[in-house]
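Peer 1: Just passing along the structure, written as structure tokens.
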Amino acid sequence: MPPHPASTATLDADWPAPYADGPLDATVAVPGSKSLTNRYLVLAALAGDESLLRRPLRSRDTLLMAAALRSVGTDVTDVGDDWLVRPGALHGPAEIDCGLAGTVMRFMPPVAALAQGQVSFDGDEHARVRPMGPVLQALRTLGVQIEDGGTSSLPFTVHGTGRVAGGKIVMDASASSQFVSALLLVGARFDQGLTVVHEGKPLPSQPHIDMTVEALRDSGVVVDDGDANTWVVEPSEIHSLDVEVEPDLSNAAPFVAAALVAGGTVRVPAWPQFTTQAGDAIRDILDAMGADVSLGRDGLTVSGTGEVNGLDVDLHDVGELTPVVAAVAALATSSSQLRGIAHLRGHETDRLAAIRTELTRLGGDCDETEDGLIIRPRPLHGELVRTYGDHRMAMAAAVLGLRVPGIVIENVATTGKTLPDFTGRWSALLGRA
Ligand SMILES: O=C(O)C1=C[C@@H](OP(=O)(O)O)[C@@H](O)[C@H](O)C1
Ligand SMILES: C=C(OP(=O)(O)O)C(=O)O
């Protein structure tokens, strides 16, 4: 399929990460949450009337989601900083480019099942090895016809008939919480609603499922999540939304971690006091690693001295933070163990292997365990850090660069997956133009 414009925005440029030669003093405005933006987009496309998403994230993953929804009949229009979403009759034929976005490749097939016609999906080369099977299998169980050449992965084609009867599905979502979220987001539009039961090893990223349930309830959908690993979505209309998208707290993580690593203070305005974003956990993590962290009405303030403690932490709920936490841990004065993150092997890249390999190349000491990483701080040296098309590997390398002279980040534009102008924002953090 021809590349979508949102897919061609990456330049392979290597970027010398700036070294911090003094304490930081910066205020960083962080753009909207990827996870919230893409949930709101899907719900707005399925709603009965038009929705307004205020200050959504515009990055590769969300532009791909908007493009995917447009291609099946939804009108997504820029209104200043906002997006006006007008739902239309869902239809094929359409070709959807998922890029490397887990949210697009998992959330869109159930939407395509509600479209009349054929919808084909493909994405980046690595997207073809990200786990996808349980979503396709669940849709087949519900009677949806899908062709995937027997691979249970991208590329595949969904043959929608415009309606899905619904009912109950049992799936193993231990590889990704997005399998559950994907089905819950559309369940109210199935004739009988939908019951999803997870059976298997523990679910990762539970806060992301809670975020889905809250977004559904904000749209007037009745969801019963009272029993563990079971969600019941009543059939109903989906109400239109008028929502302000919170800043992306996982994208904020490298910026606030910088205050601990380099010393000084970093403030993030509009940090929500209550949130379903898993990335909020960075506050407790940085506190445990030695930062002074305070959340007030004006936002979050993180201060540090440059002295970092190691920690033992279970990141099962918030795997997104792993690369940045690993970078901070590599600069600590004692060892760290990061647990509960075996599922990161199916993320943008095999993140456990990528972190171990790159820290080792820099002179670090990092071991992979069955479900995580052990990091023993060692003096690190400057080197090209490979990013494997993973935005969070690039952000982690920038954190290391604050304290290790000579770090160069390969393909820094990969950060555009979830954060526009990362290099400009990172330079501004250090007071550089
Ligand atoms: O639903 C979401 O928005 C997400 C869920 C999580 O996925 P996994 O459960 O696959 O880790 C998270 O890591 C990802 O960045 C975003
Ligand atoms: C795992 C991530 O993304 P995705 O939504 O593509 O799964 C991530 O952003 O860290």
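Backbone N, Cα and C define each Cβ position, glycine as well.
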Peer 1: So TrEMBL lists K34, S35, R39, S176, S177, Q178, E320, H347 for 3-phosphoshikimate; which of S71, S152, S205, S294 goes with them?
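Peer 2: The one candidate that TrEMBL places in that 3-phosphoshikimate site: S205.
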Peer 1: Q178 (phosphoenolpyruvate binding site): which of the recorded positions R39, S205, E320, H347 have a C-alpha within 10 angstroms of it?
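Peer 2: Cα filter at 10 Å returns S205.
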Peer 1: Find the one among the binding-site residues G102, R130, R351, R392 whose C-alpha lies closest to that of K34 (3-phosphoshikimate binding site).
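Peer 2: Nearest listed residue in space: G102.
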Peer 1: For ligand 1, list the binding-site residues among Q178, R351, R392 whose CB atom is within a distance below 6 Å of it, in sequence order.
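Peer 2: Checking each Cβ against ligand 1, the ones under 6 Å are Q178.
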Peer 1: Using CB under 6 Å from any atom of ligand 2, narrow the recorded positions R39, S177, E320, H347, R392, K417 to the ones that qualify.
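Peer 2: E320, H347, R392, in sequence order.
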Peer 1: What does DSSP call G102 (phosphoenolpyruvate binding site) in the simple three-state scheme?
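Peer 2: Where G102 (phosphoenolpyruvate binding site) sits, the three-state DSSP reduction gives helix.
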Peer 1: For the domain 'Enolpyruvate transferase' (22-424), what's the model's average pLDDT?
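Peer 2: In the predicted model, the domain 'Enolpyruvate transferase' (22-424) has a mean pLDDT of 98.
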